[in-house]
Amino acid sequence: MLKKHEKFYYGGDYNPEQWDESVWKEDMRLMKKAGVNYVSINIFSWARLQPDEETYDFSTLDKIMDMLAENGIGADLATATAAPPAWLSRKYPDSLPVDKDGSRFLPGSRQHYCPNSKDYARLAAKLVRKIAERYKSHPALVMWHVNNEYGCHISECYCDNCKKGFQTWLKEKYGTIENLNKSWSTDFWSQRYYEWEEICLPGKTPTFANPMQQLDYKAFMDDSLLALYKMERDILKTYTPDVPVMTNLMGLHKPVDGFHWAKEMDLVTWDAYPDPFEDIPYAQFMAHDLTRSLKKQPFLLMEQAAGAVNWRAQNAVKAPGVMRLWSYEAAAHGADGIMFFQWRASQGGAEKFHSGMVPHSGDEESRNFREVVQLGNELKNLEKVTGSAYASDVAIVFDWKNWWALELDSKPSSLVTYIKQLLPFYRVLHTQNIGVDFIHPDEAMDRYKVVFAPASYRVTKTFADKVKAYVENGGYFATNFFSGIADENERVYLGGYPGAYRDILGIYVEEFAPMKKGAVHQIRTGYGDAAIRVWEEKIHLKGAEALAWFKDGYLAGSPAVTAHHCGKGKAYYIGTQPDEQYLSSLLKEILKEADVRPALDAPRGVEVAVRKNGHEKFLFLLNHTDQVQFVDAGGTYPELIYGRTEAETVRLSPRDVKILQVIEK
């Protein structure tokens, strides 16, 4: 995956330019003590590298790169384009982005550039070329890091450059203005266009903007950011074709289509910042699986906090053992490296209260640094794990374009949001220790025994046909309410809901009945009554059988959850948002029927995850509780972290982790 990738990577963002050179020597000593072998540098250094448009100064970066090489530490060398210098904004004010109200953003923080600014792109390209020329053969160079967290702060711009770019993008997509009018349903509200130049960005309008205009604009902005990444990547590849190139994604980050971007990267990395106030941050765990799934290969955890962050309203610190536990959680789900932001906590600037691997005190005996040292030295034992695959028989469909479409305005209920619909399914599977891949609608489904597609509102005919073939050939498929409703042009499938899925599911939904916020109703199930929220609907059986029934109001007695035998497989439909206890029982039943089982039985709160490398299997056992737990491993196996053979009954201390190495015969 990485250049000379023979070990598990460990380190963090290193910003020595913020410190006097007298501190650097101490940094090298502490890095060696902590087992650091890899650092990200130069991410926010443009202003130092280029004091004006004609002048470049690489003297400090030269020293940093040489120092890393001398100490055997690899460099993830960034292109420094994430924060343009003040002189650029002053000289080229139209490089600054514009918000929906028409106000231009000011410099003074970061990411203050319009994705379609020709001046920004020209100057960024020139800088990247100089960096690539200078360091292409440097012994410290391991990987290129393009920009930083695209779309984190500025994912949309409403300037004239973007307006013209959007018009050009639309011409390329649709070919003719009539094709656009048809796709956008412009005969509604007298929105028909006759010239491309008539089309505006979906900015501030009296009421709801055209839905397809909004969706195309989101895709255009995603493409615009990706074009900047590809520009830098192509320059780097010209000088170093064999050095991996990536940028750090942000997991469940709505503006940037991860599947779209992953095709353009040599490996995928992401920045994870779970909230320590959550006992088990399932959304972050889900993002690990999503990130790995973007290329179906190991990823790097490029940033996490050693303790607290600084940008929430209340910034909890990670309790003793939590940083270590959550780091191994990333490794269990496919990470081949664990990195932090940042190495040394900053003395000044906006993130000075964001924890570092080295705290403000510099105290080697602080809990913060002792945990950093412990983890770094333990990870040296994971070389065998690097490059191994994550084992999963179950997939969840994830589609950014569907996410964008589902959460547009003017839908039946604003309570129906994408991640909130996916997360209960993921959480149930995680607690049952069922490995999960995420798949794009264009990917093959056949290798999975079960495929879940919650909240799949936007469905192409091609995908619906693929699902039907999958089920007919023996697959198990499950979706829920408000799915199969609209096509890729945001046009409703006629003939009755759930549109594209009607035949597969064997049902007809006559009408939606969204629930009031906070309302709780009941359904009758084979496991007893269960609470439901958010949504009800009138379902008619057209070949399916009912598994649960609504109990309240005019829907009382009508089906709420259904199953439909279709060919050799089965398709399930959940017409409401049930409580997690019922969802867990239902999913367990589906998994059992599809012959999907966890690798080991474990007590609640103990996670079992599997990575495989040929006949070698690595069982990660993670205790997410504050109690001692025991797991029957079914045999005695070598344990990688502690370097000893574990008894058949494995003892896990509170928040402890063990990794069993199993050779399959």
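For all residues, glycine too, the Cβ spot is worked out from N, Cα and C.
Residues or ranges marked as substrate binding site in Swiss-Prot (evidence: similarity to another entry): Arg110, Asn148, Trp311, Glu351, Lys352, Phe353, His354. Close to Glu351 (substrate binding site) in the fold, though at least 6 residues off in sequence, lie Asn310, Trp311, each with a CB less than 8 Å from its CB.
For Cys114, Cys157, Cys159, Cys162, the entry in Swiss-Prot reads Zn(2+) binding site, with the evidence type similarity to another entry. Cys157 (Zn(2+) binding site) falls outside any helix or strand according to DSSP and counts as coil. Counted within 10 Å of its Cβ, the other Cβ atoms near Cys157 (Zn(2+) binding site) come to 24, all protein chains included.
Counting only same-chain residues at least 6 apart in sequence, those with a Cβ under 8 Å from the Cβ of Glu149 (active site, proton donor) are Ala82, Gln111, Thr247, Asn248, Leu249, Met250, Asp271. According to Swiss-Prot, the feature active site, proton donor maps to Glu149, an assignment based on similarity to another entry.
Long-range Cβ proximity for Glu303 (active site, nucleophile), meaning a same-chain Cβ under 8 A and a gap of 6 or more residues, is found for Gly12, Asp13, Asn248, Asp271, Ala272, Tyr273, Met339, Phe340, Phe341. Look at Swiss-Prot and you will find Glu303 tagged as active site, nucleophile.
Taking the centre of the Cβ atoms of Cys114, Cys157, Cys159, Cys162 as the Zn(2+) site, the nearby residues of that chain (Cβ within 8 Å, site residues left out) are Pro97, Val98, Pro115, Asn116, Ser117, Tyr158, Asp160, Asn161, Lys163. In sequence order, Ile43, Phe44, Ala78, Ala82, Thr247, Asn248 are the residues near Asn148 (substrate binding site), counting only same-chain partners six or more apart with C-beta under 8 A. If you take the C-beta of Lys352 (substrate binding site) and look for same-chain residues 6 or more apart in sequence within under 8 angstroms, you find Asn310, Ala345, Ser346. Among Arg110, Asn148, Trp311, Glu351, Lys352, Phe353, His354, the residues given in the record as binding substrate, the maximal Cα to Cα distance rounds to 20 Å. Cβ neighbour density within 10 Å is lowest for Trp311 among the binding-site residues Trp311, Phe353. Remark: Cys162 (Zn(2+) binding site) has Val98, Cys114, Pro115, Asn116, Leu201, Met221, Ser224 as non-local neighbours, by Cβ distance under 8 Å and separation of at least 6 in sequence.
Under the three-state DSSP scheme, Cys162 (Zn(2+) binding site) falls in the helix class.
Secondary structure at Glu303 (active site, nucleophile), as computed by DSSP, is strand.
With all protein chains in the displayed structure included, the most crowded Cβ environment within 10 Å among the binding-site residues Cys114, Cys159 is that of Cys114.
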